[in-house]
Ligand SMILES: Nc1ncnc2c1ncn2[C@@H]1O[C@H](COP(=O)(O)OP(=O)(O)OP(=O)(O)O)[C@@H](O)[C@H]1O
C-alpha cells in the first residue's frame, strides 16, 4: 500500500522549487511507476493511466477510512475518506469537485469516489446501479473518449448520523456538450414536468462520424435483446441499419455534414465490441430493476428507444402540390447498407392515406401514435416556428437548415431529428427523476451529504458555437465558485494563524464569468434579449460590439472571440439566436402527446394542449436555462469543496504514454499548477508564482 521510496514527491507543494517543469517532471516520474495520484496541497491530481491498475479494492477503502489523512499515499480514497469523516464526525456536508478535459478520467474518478463512500452501506447497490443506468443513457463514444459523458452531474450521497449511506440525489445539469468538432452535439436544457432539466441531444438523431458512437444504450439494445424482444420491437440486430447509429455523416437533416466543420482532432478510440454491448445491456436492465422500475416501465423505455431508432430512419422527398408549391412527403424506405441508396424502383412515394413508409408505420405502432398524423406533422412546415429575421444560414454546429433556399426535405429531416432529440432528452430526465425517487432516503430528516460533482471542463475546438459557449460558461462559473470558496478558506486560515502572505484576488475568475452572465449587457444577456425580441445574429454581434469589453472581440462577418479564464475562444454567431430559442415543433409534440403509450404521452403532456392553442407558455431559451441550472448547481456547492484535477496523458488514450506537451497544455488551459490560485492556493507562500 505504501509507495515505493524515492519515486517523486507525493505532495507537489514540497517540490523545491515548484515550477511547471518540476511539477510535470514529478508527475512523469510517478506515472512511469504507475503512481497516478499526487497531492498539490489539499487537492489531488490524477493522471489517466488508460489501463486497469490494481489500485482499487474494498479492503483498500477500509484502510483509507481507518487512517488519518496523509498517512497513506495520495489516492481518491483518501480524498473521499476525509470527506466522509467530516460528514460523520463533524456533521458537515462535503463536495468533491472533479475537473478535467474529456477523457481525463473524471467519470472513472467519480465512480471510485462513489465506491469508497458507499462501501459499507446497504444502499450502495442502488447508488451504483444509478451510475450504470446514467452511463448507458448519457454516455457515448467520441473521438476523444470511448465513454464520454454527455451531461454534467452532481451526485449527492446522504448519510445518517451513524455514517451509513441512506440515499442519494442526482442533479443533472450543465447539460450541454459538444463532442469535439463532430457532426453532432448534445444540448440539454430544462423545461419538463417540474421545471427541472431536460437532456436534449442532437447526437441521438443526427448520425455520427466514423469512430464515434451514439448513446451506448442504443447499441446495447440491438446487441443484447434476445430474438423475441427484437421481434416485438420490430428491430434489426445490425446497428448499421439505423441512420442514427451509422458511423458516417448523414444526408440532409439537422445534423448533417457542414462544409465548415472541422474533422475530429484526436485519433478515434476503438468502438466497443458487440459482446461488450451485450453484457452491458444486461447490466443496464439489471440496474433498472435494482432501482425499482416496473416491468412495464422497462418495456416502455425499450419501446421508446425502438421508436426513436426507427423514426430516425424515416426519409423525406419533395412533393409538388396541386397549387404549384413544393411540399414534402415521407419517402418509402428499405433497409439499405450504409451509404448505399435504395434501388430507385423501391422508392415509391408515401401518401397520407395509402402506403406510408413501413418504418414509420412500425415505429408508430410500437407506441400507439397515428402514423398518418405524424407523417403530416413532419412533412408540413411548422408555421409556429419564428423565422430568424437576419440569420440566413444554419447553425455551424448542427448544420440545421434555416435558409429560405434550403430544400424542404432537409428541413423536414431537421424537424424529425429535433423531435427525436427532444424525446430522448425527456426520456433521460424522466429516468433521472425516477432514479431520484428510488434513491430517496426511506426515513425523513435532515442529513449531511457528500456531493460528487463531475464537471466537464473548458473546451476550445476548431469550430465553436452556442453549445461550446454554454459549456465554457458553465465551466467558468463553477470554477469561479470553487476558486472563490477555496481561496477564501485558505486565506482566512492564514489570517487566523497570523502567517505572512501575499493576498490573492479570488474575484479574477468571477470577473470572467460576469462578462458572460451578469446583466443585460453580458454575452448571454444580449443573446437572451435578441432571442426574445426576434432579432437575428447581426443584431447580436452589433450589441456585443457596442459593449467594448477588453475580453470580447467581434470578428466580422460572423464570429466573436471571448477570452475565458482558460484561454481565448473564437465562436461562430451563425444561427446562434435561432438555436438559442430552441423551439420544438408544437404540432409534432401534439401528435406524440396523444400517443396510446402512457410514457410517451406523459413525456409530451401539455404539448397537445399548447399545440391546440392552450397554454401559450413557451420553454425558456437555452442560455436562460443553462444560467438557471448553473446558478442552482453553484448554490448547492458547500463552502469548502475538495478538488480532484484529472489529466489526460495521451490524446489517443494509449497506455504508457506521457505527452508532456499535452499535459502542459491542460495545466495551463485549466489554469492549474503553479500559476493557478485554484489548485495551488499557497503559491504566494512558496513564492513560485509567475
Ligand atoms: N483511473 C483509471 N484507471 C484505468 N483507466 C482509466 C482511469 N481513468 C480513466 N480511465 C480510462 O480512460 C477512459 C476515459 O475516462 P473517463 O471516461 O472517466 O473520462 P472523462 O474525463 O469522464 O471524459 P468525458 O468528459 O468525455 O466523460 C475510461 O474509459 C477508462 O478506460
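Using the three backbone atoms N, Cα and C, a Cβ is placed for every residue, glycine included.
Residue ranges 382-408, 409-435, 436-462 are listed, and TrEMBL annotates 382-408 among them as region 'Disordered'. Looking at the stretches 206-228, 229-251, 252-274, 275-297, the one that TrEMBL records under the feature region 'Disordered' is 252-274. Neighbours of residue 103 (ATP binding site), defined as other CB atoms within 10 A of its CB across all chains, total 25. For residue 100 (ATP binding site), the count of additional Cβ atoms within 10 Å of its Cβ stands at 25 [all protein chains shown]. Reduced to three states, the DSSP call for residue 107 (ATP binding site) is helix. Over the domain 'Myosin motor' (7-690) the predicted model carries a mean pLDDT of 77. Screening the binding-site residues 100, 101, 102, 106 for a C-beta under 6 A from any atom of ligand 1 leaves 100, 102, 106.
Under 8 Å, Cβ to Cβ, and six or more positions away along its own chain, residue 105 (ATP binding site) finds 46, 48, 646, 647, 648.
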